[in-house]
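What TrEMBL records for this protein:
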- 1-15: compositional bias 'Basic residues' (COMPBIAS)
- 1-31: region 'Disordered' (REGION)
- 150-171: transmembrane segment (TRANSMEM)
- 178-204: transmembrane segment (TRANSMEM)
- 224-257: transmembrane segment (TRANSMEM)
- 283-302: transmembrane segment (TRANSMEM)
């Protein structure tokens with residue numbers, strides 16, 4: 001239908017535009033008649049996917065995840081695989097190392113550690129060197145100061161590496177490669193020493209209760225003297241280093257001879273009969289003395305480059 005003209009142009013309906021950017025809306029635009037929108041700008045449907053109201057949507061989603069039977073089955077299957085892997089690892093480790101026996105060498109307390117350190121540095125006044133037994137089983141170290149342990153050697157080895165790093169840093173010679181070489185060299189020498197003793201005892205058919213852990217413990221006690229030697233060298237120079245080297249070497253030699261004497265030479269009575277019985281005691285004495293003499297050589301070899 002045509003509109004009459006009254007001297008002005010007919011106005012066309014204006015297109016609806018959005019508000020200017022940055023201006024807040026005073027009222028919601030409901031002219032389109034579409035479904036209501038949420039605060040995030042999404043249309044609300046009849047199915048509530050966000051869980052019950054009240055701000056607990058995240059927790060409800062997690063609860064729904066754990067309530068899913070497939071998720072529970074997957075978790076149970078993964079847990080069973082982890083347990084099977086753990087059992088396999090423990091079984092493989094148990095083939096080579098007895099965990100109960102290993103725990104025996106770490107059964108120490110503060111009192112034992114203090115007494116053992118004093119015995120390593122001042123062994124000359126100690127009288128009773130015999131290892132005590134209970135029902136043919138040696139007592140744990142915390143009940144017998146003469147029993148070998150692996151706690152002091154392991155902690156002394158770590159302390160030696162840290163002290164070596166500090167000494168190299170003071171002398172402006174520190175680098176990760178040099179520190180790694182120092183640690184690997186100390187480990188290699190200990191392995192060589194233990195293997196040499198095992199081979200010697202095997203070739204001479206020495207029947208003693210010395211185990212591999214015992215030999216590792218006696219070989220690792222040298223790190224206590226090495227720490228004392230390096231500290232004296234850093235504090236008092238080369239003179240202090242050589243005095244500490246002489247003291248720790250003599251103390252360690254005395255300790256090794258008296259300790260291994262109860263282990264190696266005490267088994268002579270069981271092997272006193274048979275061919276070569278008169279020769280075996282002499283070789284066993286040689287093994288004991290060679291082990292003792294070897295200690296100061298290694299101490300000097302592993303500490304001389306740290307003190308200048």
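A Cβ is built for glycine as well, from the same backbone N, Cα and C atoms used for every other residue.
TrEMBL: automatically predicted annotations, no manual curation.
Only residues 6 or more beyond the boundaries of the transmembrane segment (283-302), in the same chain, are considered here, and those with a CB under 8 A from a CB of the stretch are 160, 182, 185-186, 189, 193, 197, 200-201, 204, 206, 218, 222, 225-226, 229, 245, 248-249, 252-254, 256-257, 260-261, 264-265, 268. The list of residues near the transmembrane segment (150-171) in space but at least 6 beyond its ends in sequence, with Cβ under 8 angstroms from a Cβ of it, reads 102, 105-106, 108, 113, 116-117, 141, 178-179, 182-183, 186, 213, 216-217, 219-221, 223-224, 226-227, 230-231, 234, 302, 306-308.
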